[in-house]
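In what follows, a single structure is set out as structure tokens and then discussed.
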Amino acid sequence: MVSQPTSRIYTLLPYAILAVFGLISTIYALYKIKVIQKFQSPFGFLLKALFSNVLLYLVTILFWIFIRVVFEENDLMESYSRYIGIFFLFTWYFSEFTAVVISSNRFIAIAFPIYYRNEITNGKTKIIVGAISIVALCISMASLIESCSISYSTKTLTWGFPNSWCGKLYAFWLQFIGGIVFIIINSIIDISTLLLLIRRKQHSTVLKTNDKKHNSIVRQDVLFFFQSCLQNIKTLIIVVSINVFTRLIDSIYGKFYFRTFSWCLCYVLDVVIIIFFNKELWRLNKCRPISEVKIAFQGNMNSKQNIIN
């Protein structure tokens, strides 16, 4: 990267704008999930975990950009960037594992509704999220090995691994192939969910089910299927962009946008897609906040008590 502060600002400004937009969107989504009764569930807790992970990533990105713009390149900066890169790896794997768990959550809810209601609780979901955190941490900590350490190159404006056997192993098998494996697993779960939805539709047609609540649930499940598919397509494009397109591009700024910028874009698009496909997250007036639900519940209880008395 050019050493002049002005050049660094121009280079990293689009990156910062994207991160700020993502940060605002994520805070907005977290607030909605907190106040809407529907999301006080295992599914809602998984969304909170995913959004919290994105929030930490974007805050770190903005802090890293600030440091990069203000200070000149030095050994301390390189060491700092190395640990930032390890944290980015953690957030990446946490997001991918969480996406698989979210898809599995919806599949179980559709395939085994009674089991889901009785066995899938917030407590068990917290344990799963904790396990995901440990696994993601172990994978990312492997980058502490000197020959495997991820770092930011000021020459190519990208995050990458050293040209060693360990660096190549991590970059190809854990980053590229690992990303493809996540997409395949998610796609298998989504296809299974789609088959269940088709079967449910045929069954309801035979029984001539025309209940509004039933139709609303089916419609929400279909929307979730398309949401997950769109997220898989997005992840596939980003993974290919980071690992393939950047090798075909000679331009420094091309590499920056196809790898560094697109990596951040992946997180932001996750939030945007989830908000778009869950109308409760952008139409709060249609849903009652938790506080109103509690007040209404207490009011009903008081009315019943008065009748008894």
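Backbone N, Cα and C define each Cβ position, glycine as well.
Whatever TrEMBL says is automated annotation, not expert-curated.
Look at TrEMBL and you will find 12-31, 43-67, 87-115, 127-152, 172-198, 222-244, 256-278 tagged as transmembrane segment. The domain 'G-protein coupled receptors family 1 profile' annotation in TrEMBL covers 22-199.
Scored by C-beta pairs under 8 angstroms, the transmembrane segment (222-244) has its highest count with 172-198, from the stretches 12-31, 43-67, 172-198. Looking only at the domain 'G-protein coupled receptors family 1 profile' (22-199), the predicted model's pLDDT averages out at 93. Cβ atoms under 8 Å from those of the transmembrane segment (172-198) belong to residues 93, 96-97, 99-100, 103-104, 106-107, 110-111, 139, 142, 218, 221-222, 224-225, 228-229, 231-232, 235-236, 239, 242-243 of the same chain, restricted to positions at least 6 beyond its ends.
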